[in-house]
Structures are given as structure tokens and as C-alpha cells.
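Inspection log for the structure reproduced underneath, given as C-alpha cells.
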Amino acid sequence: MGDWSALGKLLDKVQAYSTAGGKVWLSVLFIFRILLLGTAVESAWGDEQSAFRCNTQQPGCENVCYDKSFPISHVRFWVLQIIFVSVPTLLYLAHVFYVMRKEEKLNKKEEELKVAQTDGVNVEMHLKQIEIKKFKYGIEEHGKVKMRGGLLRTYIISILFKSIFEVAFLLIQWYIYGFSLSAVYTCKRDPCPHQVDCFLSRPTEKTIFIIFMLVVSLVSLALNIIELFYVFFKGVKDRVKGKSDPYHATSGALSPTKDCGSQKYAYFNGCSSPTAPLSPMSPPGYKPVTGDRNNSSCRNYNKQASEQNWANYSAEQNRMGQAGSTISNSHAQPFDFPDDNQNSKKLAAGHELQPLAIVDQRPSSRASSRASSRPRPDDLEI
């Protein structure tokens, strides 16, 4: 019974990483196969060969007739059936242990990267790659292993092989001695001198156990088929809902996450300005490029705009005929747009911004005085 307990401990670990159908299958395997085989069935077949009698005194005739009637004992046959049926499940358990080992290595590497991140090293991409590997292996946040990818394929293959082994052993059992036992077996083999009759001990009790084990095998086969369809339709459902691959990887690397909340600067006509992220309805050719506001082309653009504003202001005052000297475009001082760092440095140093001089303090020439005193057609008469 020590071998049975070791097998039971291994299969008990499989139950933690199986579906509902897999857990029911394991319960059937434990209760109706291993437990029953280790208690009632083994005791019923305990006197199988010793109680097999033939109506002859020829030495060796009973052994030869028993070997012909039962090439393999029912108990040993069912033990082989349980072992073969359990092997695919144990292989799936080995895959689970492999995934758990990978999880330990990834967690250790993730801790090392986080320690390096605290020292100022940029390891964000490596951490994302570790998350993708965990997702590929089916590792959840709290160490739980979920069936997906290679683990799911291994589970499906194990179900297929379990079903194949169940069908194969049922056919072998039917071919060797059927599903019932008779009380009398006729034998004619050397060294028997003639055809002899051999008698089996407790044939009815053994037939009941054979039928019971047959029903258990059919139930296990039905559970495997139901579980196979369940896993298949669940996988299709997850793909329809788009839950199969939440991470998007391109050429082995993560695609960068788009930050829509941060404000960026984009170049318009060679100058940068704060702008919001592009909307989905932007035309294909509209591609603002993020850049720095301290570009020399931008400063020239701002200077030209300032000079044009002063020229427009002077022309407007000349047109309205307002008193006072006009402001010439050549004497206008353009606004300067220093960057934020320069402003902060100046303010920190205690310097204040000087206001722009918008009135020309030079005396007007005689030509300009005579020109300004001449009446114009658009002047108002008082």
C-alpha cells in the first residue's frame, strides 16, 4: 500500500491545478478505483490461483489451464490501467512544477531589477518583459497558475491520452476474458492427458467487481470527453471576448504605452507650442513633432511676430490721427520669449523684468512736424 499512497499524494497535487471536470475525474479515480482496488477487489482475488482446480491429477495441468484462462490477473490488469491513465495527468503536473519553477526565477529577477530601479537605472522595459513571460506561462498576480498557452495545450493532450488509454484497456479486457466469469472452464493443453474441466472460485462475486470497474471506466471516459469539450468552448469564449492576450508584443518587445494625460509640445510651421494628443479623426498627413520650445527657429519666429505687431500698431495710430509721436517699426523692440529655466534663474537672482519703452523720446524733426500739421482727407473738421 506504500506505492498507492505515493501515487495518491502526487495526484492530490494535480487537483489544485485542474478544472471542475478534472477534479471530479480525480475523485472517481481515488474513491472508486484506487481505494476499492486496494481493499475489496484485492481480497476477492486473493485465492485466484490457489482455488483454481481441475479434474485431473496430472502435474502442471492446472497451471497451464489457469494461464490459458487468465493470461493476466484482473487485479494486475486494473493496476496497469490506473498507472497508464494517471501518467498523462502526472506529466501535466510536471509541467505545472516547471511553470512554478519559472515563476520563482522570474520573481527573483524582478526583485533584482526593482533594486536596480531604486538606484536610478531604467529597467521599465525589462519589467514589462517579465510580465509578458508570466502571462505566457499562465502565472497570476498572487502566484496562482492559470491554464493558458503551453499549459493549456498540455492539459488538453493529457485528456486526449487518458481517453485513448481508457478505450484501449476496455477493448483489451473484452478481448482477453470479456466482462463476466463462468464457473467452469474447459482446457485441453499439454501436459493434460485429455480435455479437462477447471473450476473457478467465487465467479459471481468477481463478475460483480468486473462490471463495477467497467462502469467506472465508462464514467471516467465520459468525464474526459465532457472536460475536453468544456476546455475547447471555454478557449473559444475567451478568444471571442478578447481575453486571451491582453499584452501586445511586437518582435519580442512591448509596444510603448500611450500617455494621453501629459501635455506635449508640437511644431507648427517650425515652432513648438503646447498641444493635446492627436484625436482619432486627425488626417494622415498631420504629424506634429514633439520638441523643445528653446529652438532658435522658434525664437526667430516669435521675434518676427513681435515686430509685425508693432508695425500694425504704428499704422493704426497713424491712420486714426492720434496725437503724439508714432512708433516706428525700426525702433520697436520685439518681445523676447525666454524659457522657464532662464526666468526662474533671473527671479531667483533678484532681477526684475524691465518694461518695454513704447514711446520714442527723441525730438521730432521739422520735416516730420510739417508733415504731421498738413490736413489729410480723412481728418475730422472741428
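The count begins at 1 with the first shown residue.
Cβ atoms here come from the backbone N, Cα and C positions, even for glycine.
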Looking only at the topology recorded in Swiss-Prot, are Arg153 and Val240 found on one side of the membrane?
yes
Pull the DSSP breakdown for the topological domain 'Extracellular' (177-207) and write it out as helix, strand, coil residue counts.
6 helix, 8 strand, 17 coil
List the helix, strand and coil residue totals of the topological domain 'Extracellular' (45-76) as derived from DSSP.
12 helix, 2 strand, 18 coil
